[in-house]
Amino acid sequence: MTQDRPNNKAARGRFISFEGIDGAGKSTHIAYVAELLGARGKTVVSSREPGGTELGEKLRELLLHQKMHLETEALLMFASRREHIAQVIAPALARGDWVISDRFTDASFAYQGGGRGLDRAKMEVLEHWVHPALQPDLTLLFDVPLEVARARLDATRTLDKFEQEQADFFAACRGEYLRRAAQFPSRITVIDSTQSIEATRARLAGILEHLL
Ligand SMILES: Nc1ncnc2c1ncn2[C@@H]1O[C@H](COP(=O)(O)OP(=O)(O)OP(=O)(O)O)[C@@H](O)[C@H]1O
Ligand SMILES: Cc1cn([C@H]2C[C@H](O)[C@@H](COP(=O)(O)O)O2)c(=O)[nH]c1=O
């Protein structure tokens with residue numbers, strides 16, 4: 001038995017979520033953060049939402065390509081999340097691993113709440129039901145003006161259901177993300193993602209140093 005691991009139980013790992021409007025650049029930096037943490041001896045589980053489990057990936061396919069009622073969309077996002085927490089996030093944290101998730105509940109507040117206009121109180125009910133005691137230790141919010149995000153998306157790929165939304169939708173998503181960053185300043189760190197990839201990496205390395 002060691003002092004920092006009583007009864008041979010691993011210390012709880014850390015949970016980091018990546019957020020931002022589509023095209024903000026968050027996925028670009030996930031591999032870098034995973035590498036950086038691995039180099040510091042952490043076992044990293046990298047995942048995403050919607051998705052991250054066999055069922056979650058099936059739900060993702062529906063969510064990104066099928067039109068549906070707004071409340072159905074919100075419920076399916078949280079259904080995917082429930083499975084993700086049960087199968088991936090909670091076991092990994094209990095093992096002492098570090099979990100990186102490409103999106104978590106802030107995305108539901110931003111997209112279904114801000115973007116589509118679903119009542120925030122309904123989202124809070126789902127949040128308290130699905131993960132009453134779990135929040136990311138750190139949320140990295142990649143923030144860019146809409147035109148920058150749109151230009152990055154247009155340059156790279158075929159657009160899914162969300163990515164095909166208009167500028168006012170993304171303005172509302174971005175507004176809700178920034179509102180939450182102001183509401184939870186100790187958890188959510190805003191990254192100016194207009195900077196170069198190299199400059200953003202340096203900023204991320206500095207932020208993560210505080211968590212290691
Ligand atoms: N700081 C940056 N400077 C210039 N280009 C960038 C920067 N960050 C990302 N990109 C480019 O922008 C495009 C979109 O980036 P990325 O896929 O990481 O965005 P995202 O926020 O994860 O989008 P989505 O949520 O839709 O998956 C990619 O081609 C990527 O190379
Ligand atoms: C978790 C979550 C995601 N979304 C949206 C946001 C994105 O447009 C897509 C996921 O695509 P990505 O390229 O992997 O970022 O889903 C959402 O609307 N609500 C959510 O809770």
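Using N, Cα and C of the backbone, Cβ positions are placed for all residues, glycine too.
TrEMBL annotations:
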- 18-202: domain 'Thymidylate kinase-like' (DOMAIN)
- GLY20, ILE21, ASP22, GLY23, ALA24, GLY25, LYS26, SER27: ATP binding site (BINDING)
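Selection of the binding-site residues GLY20, ILE21, GLY23, GLY25 by a Cβ distance under 6 Å from ligand 2 yields an empty set. For the binding-site residues ILE21, ALA24, counting C-beta atoms within 10 A of each C-beta gives the highest total at ILE21. Following the DSSP three-state reduction, the secondary structure of LYS26 (ATP binding site) is helix. Working note on the binding-site residues GLY20, GLY23, GLY25, SER27: by count of other C-beta atoms within 10 Å of each C-beta, GLY20 ranks first. Here the Cβ of ASP22 (ATP binding site) has 19 other Cβ atoms within 10 Å, regardless of which shown protein chain they belong to. LYS26 (ATP binding site) is surrounded by 22 other CB atoms, counting those within 10 A of its CB over all protein chains shown.
The average pLDDT computed over the domain 'Thymidylate kinase-like' (18-202) stands at 96. Within 8 Å of the centroid of the Cβ atoms of GLY20, ILE21, ASP22, GLY23, ALA24, GLY25, LYS26, SER27, where the record puts ATP, the same chain has further Cβ atoms from PHE142, VAL144, ALA149, ARG152, SER193.
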